[in-house]
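Novice: Features from TrEMBL:
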BINDING   179, 181, 182, 183  ATP binding site
DOMAIN    168-299  domain 'AAA+ ATPase'
DOMAIN    380-449  domain 'Chromosomal replication initiator DnaA C-terminal'
REGION    1-111  region 'Domain I, interacts with DnaA modulators'
REGION    135-351  region 'Domain III, AAA+ region'
REGION    352-472  region 'Domain IV, binds dsDNA'
Ligand SMILES: Nc1ncnc2c1ncn2[C@@H]1O[C@H](COP(=O)(O)OP(=O)(O)OP(=O)(O)O)[C@@H](O)[C@H]1O
């Protein structure tokens, strides 16, 4: 998003040079933001997130904003920062990037340096810590990672790799559904290696940023330094590799990066939402290389693990939440840890706003609108299966079975798609209810039907009919 804006902005600025928004305009830009967000946010959200924030300074196209807690910081970074960037365009055709900091940090002398862009642009760049160089999030460590049935194996493999990089499992390929801790675990490897060897050259990058860096290097004729940067690391962490699909040139470049690192026994760790051979349009030679090491999956955490994750988070944020309320929150979100953390933020904000302690009752009240409205209350996978079977004149056993006739495969994929769309069941749970299939099969079915829905009128018609029949 930011990259898209900055490109748009650059071309805009070349044609329309405008005066920079300066620190003197901090107040008026903040006023502009407040006015805009007041219209955009519900009153409750506005009070919780915007009123509690204070603008500190605006310099070098960065606005420094102080917020009261880690939860506020998370929320700002995930949900509000992009809106600030957009608002800055509206305000003055400028790219302004927010830097969100904790109020408590403001009091520390070290933050003064962080807030001083003059030092930041010159000296600090040279003095970046290994963590900054590696682009690691300081929160994503092994210490803050909770292990449970869904991630034990991935955790163990990550530990081994962090202790013996480049030897045992190379590459390590971690795959699984959205928000289940792949990035966290991958970055934990980087942290552990840097703890042990602070001089190690660790690099974390999303596959999209790798692709962008590569394209920029071609445009700017800096391919040599691009190659040096990626081919000389000790540990390369590439996140969400599925976004390499369709990017031929990037795949080619990554193939050479991979070979160089592999041949020099440098560790490579990759994550994806699916197995290498299920990533569409991924070159066969990459698929086979990705399988050379170890592939481990992460599946949705069980209730116990979800509660433990929330407990750890609550302790880290100094929140006082009774165990029964934690279990209640954990029972409400079963398939995505990011959403689980979001639910905790929501309950915390609700309690602050109403000035009440957190109890199960308060948590229930805070989360009552959270369930996506597209999910139909009471609709089960069983009901979807029997309705789809009836509609296509096949049996429920056909849907759960393995037969691959065209007349069965499509209804099966549609039933899985509807289960994903209309219930809050996780991918593994849907797979299990369809005769014990792997979650990646469900994912593949959902992708396939989503694609077909773009152009196929018959499928559009069938899905509309089926959705209507499931409402009754
Ligand atoms: N086992 C865990 N223990 C503690 N925190 C966890 C765990 N699993 C996930 N999280 C937290 O959940 C959030 C989402 O995790 P992360 O970003 O690593 O997921 P992901 O699988 O990489 O998601 P995506 O598919 O969207 O890239 C992070 O804040 C992470 O710290």
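The count begins at 1 with the first shown residue.
Cβ atoms here come from the backbone N, Cα and C positions, even for glycine.
In TrEMBL, annotation is done automatically, which means it is predicted and not curated.
Bear in mind that the values here come from a model prediction, so they are computed numbers and not experimental data.
Mind mapping these onto the model and telling me what they sit next to?
Specialist: Annotation for residue 183 (ATP binding site): spatial neighbours 140, 239, 271, criterion Cβ-Cβ under 8 Å with sequence separation of six or more.
In terms of DSSP helix, strand and coil, the domain 'AAA+ ATPase' (168-299) has 67 helix, 26 strand, 39 coil.
As a whole-number mean, the pLDDT of the domain 'Chromosomal replication initiator DnaA C-terminal' (380-449) in this prediction is 91.
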Novice: What are the DSSP helix/strand/coil residue counts across the region 'Domain IV, binds dsDNA' (352-472)?
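Specialist: Summed over the region 'Domain IV, binds dsDNA' (352-472), the classes give 84 helix, 0 strand, 37 coil.
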Novice: Once 179, 181, 182, 183 are set aside, which residues in the chain still have Cβ within 8 Å of the Cβ centroid of the ATP site?
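Specialist: Checked against the 8 Å cutoff, the neighbours are 176, 178, 180, 184, 185, 271, 298, 337, 338.
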Novice: Relative to the Cβ position of residue 182 (ATP binding site), how many further Cβ atoms are located within 10 Å?
Specialist: 24
Novice: Could you work out which of the binding-site residues (179, 181) has its C-beta surrounded by the smallest number of other C-beta atoms within 10 A?
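Specialist: Lowest Cβ count within 10 Å among the binding-site residues (179, 181) is 179.
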